[in-house]
Amino acid sequence: MARVETACAVLAVALLACLLGAAADGSDHRYKEGDRVPLYANKVGPFHNPSETYRYYDLPFCAPDHPKDKKEALGEVLNGDRLVDAPYELNFNEDKNSKTLCQKKMSKEQVAKLRDAVAKDYYFQMYYDDLPLWGFLGKLEKDKEQGGGKYLLFKHIHFDIMYNNDRVIEINVQTDPNVAVDITEDKEVQVDFSYSVTWKKTDIPFEKRMEKYSKSSSMPQHLEIHWFSIINSCVTVLLLTGFLATILMRVLKNDFIKYSHEDESLEDQEETGWKYIHGDVFRFPEQKSLFAAIIGSGSQLLALAIFIFLLAIVGVFYPYNRGALFTALVVIYALTSGIAGYTATSFYLQLEGTNWVRNLILTGCLFCGPLFLTFSFLNTVAIAYSATAALPFGTIIVIILIWALVTSPLLVLGGIAGKNSNTEFQAPCRTTKYPREIPQLPWYRSTIPQMAMAGFLPFSAIYIELYYIFASIWGHKIYTIYSILFIVFIILIIVTAFVTVALTYFQLAVEDHKWWWRSVLCGGSTGIFIFFYCIYYYHARSDMSGFMQTSFFFGYMTCVCYGFFLMLGTVGFRASLVFVRHIYRSIKCE
């Protein structure tokens, strides 16, 4: 076992080293005057559809004689980046004034393709010395009087580059609407593409050159909103804590006093409330294997979220560290699969399960299965659209190898460790042979209304922050305030635990002993609220459109919401289990 742990540790260090150097190209970013500075064209696509991107040379731009693709890390490929040599020569500290790039005669088909791109607000993205730059291909000048308009293609690009000694600090792109060609009509067009370069000196140090990309999320007005979100969430937590402390604790104290009196009359000795069901409250739930698999997968996803936040806080995910987040998600999910295996198997055996191997397979497929099916469908859509989101065959093989050589073995090792742990379920009360009948309860105490109540409070604590996260993932805004996001995440966990505990107590108080599955469903119901927010965001807060973008948005967000359901469901159950054990340990169970 020691050798296995050592091997896993070495593997983890190696994979994280790959993560930290995901976007590194071996350059020290120092140049002499006249040196070639690497410029890569990345992708083009509709501005409002961030997932629908295409290779730069899919459009009829000027191309070098032999453009070479840049070797990319796993995370860059997953992010849809496809870097290739750009046609522009931006040598270090060399100004250029209207240099001709190429003269290109556009066919009718190429003109139609570019016109469609301009109509959809296509943008291009490039990287110059690992600094991102963007620009639009053209613009639509609408004619308000006659309707319609002119489609203009920009044919001149100006690069403003700032440098400090021998290093590039900043680059900006400007397109001149006055230097454009009309591509409104279906006819062949002669286009003379050109560019110009201006170099300016700056005092900004190289170490701070990425700060301009994170300023937008750190502006005072945005910080005020973030802090309002934090205060709103903290007030929610305080109110909830106060509610639990004053109501629940007082009620429980009265219950303990009542149940501890031994000199009561025979009429008063008849048990009521949660003590009445002490012989049923620890009766194991139905579908033990599925229940244990949910707890195992949820524990793994919780560990994944915590590790991702730690990497974010130490600065791994700085703006435009290409693909670092995707690399981290793949690597850490693979390395934490042992947690799922151990948790699921040990808990399944505590519930007196017999087929632990089947339970382990179910645990491995519970989250990965739906994610794989979603990915297969969306990758097929991306291939049909010839989009960069379509993963190359080699990348798919790499992911399969990671799953086969890292995820699955660690899952099995965790399962074996869980099987050998030999821990028994700690129940303060003996379970009776036959379950008591649950009394007739009003409609609002059924599962769905309880889930609605349980999910609302945790969702209200995070919904303000959700907008900024969505605008970052499904838009072009940048999110860098990970410390605030981590605080909101901790608040989410606390509120979920508190709400689920409160609802579990009220469920037991009306003599409903089937709290196991209810605690998971109530805890995870926030994931359902997030999914409804996805629908609202898509229709009301974004301009996304088209089958591909809609498929990607709802496909992957459904998987994310499902992950939240598993993770928060696990939090809700664990909190409820601690609470139930505590209250039944505090009374005499006969």
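Cβ coordinates are placed from backbone N, Cα and C, and glycine is handled just like the others.
All TrEMBL annotations are machine predictions without curation.
The signal peptide feature in TrEMBL is assigned to 1-24. Taken from TrEMBL, the feature transmembrane segment covers 225-248, 290-318, 324-349, 361-385, 391-413, 454-475, 481-503, 515-538, 553-580.
Here the transmembrane segment (290-318) has long-range neighbours at 19-20, 210, 214, 324-325, 328-329, 332-333, 336-337, 339-345, 347-348, 351, 353, 359, 362-363, 366-367, 480, 482-483, 485-486, 489, 516-517, 520, 563, 566-571, 573-574, meaning same-chain residues at least 6 beyond its ends whose C-beta is under 8 angstroms from one of its own.
Here the listed stretches are 225-248, 324-349, 454-475, and the one with the most C-beta pairs under 8 angstroms to the transmembrane segment (481-503) is 225-248. Nonlocal intrachain contacts for the transmembrane segment (225-248), taken as residues 6+ away from its ends with a CB within less than 8 angstroms of a stretch CB, comprise 457, 460-462, 464-465, 468, 481, 484, 487-488, 491, 494-495, 498-499, 501-502, 505.
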